[in-house]
Amino acid sequence: MAAKDVKFGNDARVKMLRGVNVLADAVKVTLGPKGRNVVLDKSFGAPTITKDGVSVAREIELEDKFENMGAQMVKEVASKANDAAGDGTTTATVLAQSIITEGLKAVAAGMNPMDLKRGIDKAVAAAVEELKALSVPCSDSKAIAQVGTISANSDETVGKLIAEAMDKVGKEGVITVEDGTGLQDELDVVEGMQFDRGYLSPYFINKPETGAVELESPFILLADKKISNIREMLPVLEAVAKAGKPLLIIAEDVEGEALATLVVNTMRGIVKVAAVKAPGFGDRRKAMLQDIATLTGGTVISEEIGMELEKATLEDLGQAKRVVINKDTTTIIDGVGEEAAIQGRVAQIRQQIEEATSDYDREKLQERVAKLAGGVAVIKVGAATEVEMKEKKARVEDALHATRAAVEEGVVAGGGVALIRVASKIADLKGQNEDQNVGIKVALRAMEAPLRQIVLNCGEEPSVVANTVKGGDGNYGYNAATEEYGNMIDMGILDPTKVTRSALQYAASVAGLMITTECMVTDLPKSDAPDLGAAGGMGGMGGMM
């Protein structure tokens, strides 16, 4: 086991604070509308330019191990805020730095660290309740666009794109961000349910100009098995031919004689058919077939529940207004399933999302909800260079997370104003002893830090602006972009309540632990092996190689 270096008391805390300050100072230059960029060197390729707090934090690793411990703990604050709300990482870092700095001053002055932590926790719990009370629901398109704009660093086009995407696919719809091909940002909306499986034979194509299969008002046969014998399907094919409608077959696979017969029937115009493989694998495939059945009002023909393909009737088939199939995807538009059944299925999947343990499962379940509930929107980010594309894409993703958080828990006045108002409302809060009261004051002082940093990044005097804002009430604050005072909500400067709440809670959590640190232990650096170059009669020649 390697030898350890141990530091106690003030020595340990001073080192830790130095690490905290290095990381926080690098992150906080990005805060606010006039925040600056940070350039991150990469071991290969061009450097990355970012204004995203958590991206900056993740890059920082310090040489001194004690300082690095402090930096890594604040990195945890940024990461946790990012995981919970997808934004607010810089705010969380600024709050943590302020609580740690003020808290360690109090410890150095002889306060009890445990009581300080209890005071901080008490103030934060009260502040969270007040934030919830201040929160205003965010439901209309204008508010969503404003939240997106602020989070994308005052880029109005991004805010509008996100609001438009949410309008089109609903609050539950899936919105993804991809690299675009041009200079302009684009929004691509896929309505209905789309899955990544194309036609099984190009002979099904009936729109040669687009290379797609389009079926109007088709019946949809869903089978959880491989179909290779055409005899199994004859009763269904005959019934569909009599009805004079096209048929879409979604099965585990359609092969051999069955596929050949379907192709011949289609080419002769006896019955218009297209076949695709079912999406997913294993249990996920069964679940997705059931989703399609719910959406189209059909039944999955599965031997597990004793159903046989030969005995299937038109009642077992689903229906949709239109189906479009190309070589990679199938889109079912306007299934005829009952709204109540679809909502029931969505609720069931939501329950599974709550219980999911892995991010991958959660993401896949979320996609299934979106496909049932509305559709999928893709924001294609346009930029002139790859470096700009990466930076912009990160901003758009942040803005998307922020708008989701706003829809979930509502919004409060932005620009650090909400925390100032909350601090004034709980200013009379008292702890059980004087040390706890100091802890409460430390937390209240920290709640001013985001506003002060935003103002500092504008080149103005933080104390003057902070006092003016404190003198106002309600949503009165300072618009750093235009350097004007006024109603923040009217000016469209909003922060999602969830982002502000998460930033405060995670900052206080980690800062409280750091204030109560009394000892730090790390590995001693390994000393280099002695230089053996002088051995073997080469006196005085050591290190010549």
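Using the three backbone atoms N, Cα and C, a Cβ is placed for every residue, glycine included.
Look at THR90 (ATP binding site): DSSP puts it in a helix. According to Swiss-Prot, the ATP binding site annotation covers 30-33, LYS51, 87-91, GLY415, 479-481, ASP495.
Counting every protein chain shown, the Cβ of GLY88 (ATP binding site) has 32 other Cβ atoms within 10 Å. The sparsest Cβ neighbourhood within 10 Å, among the listed binding-site residues (THR30, THR90), is found at THR30.
Cβ neighbour count for GLY415 (ATP binding site) (all protein chains, 10 Å cutoff from its Cβ): 27.
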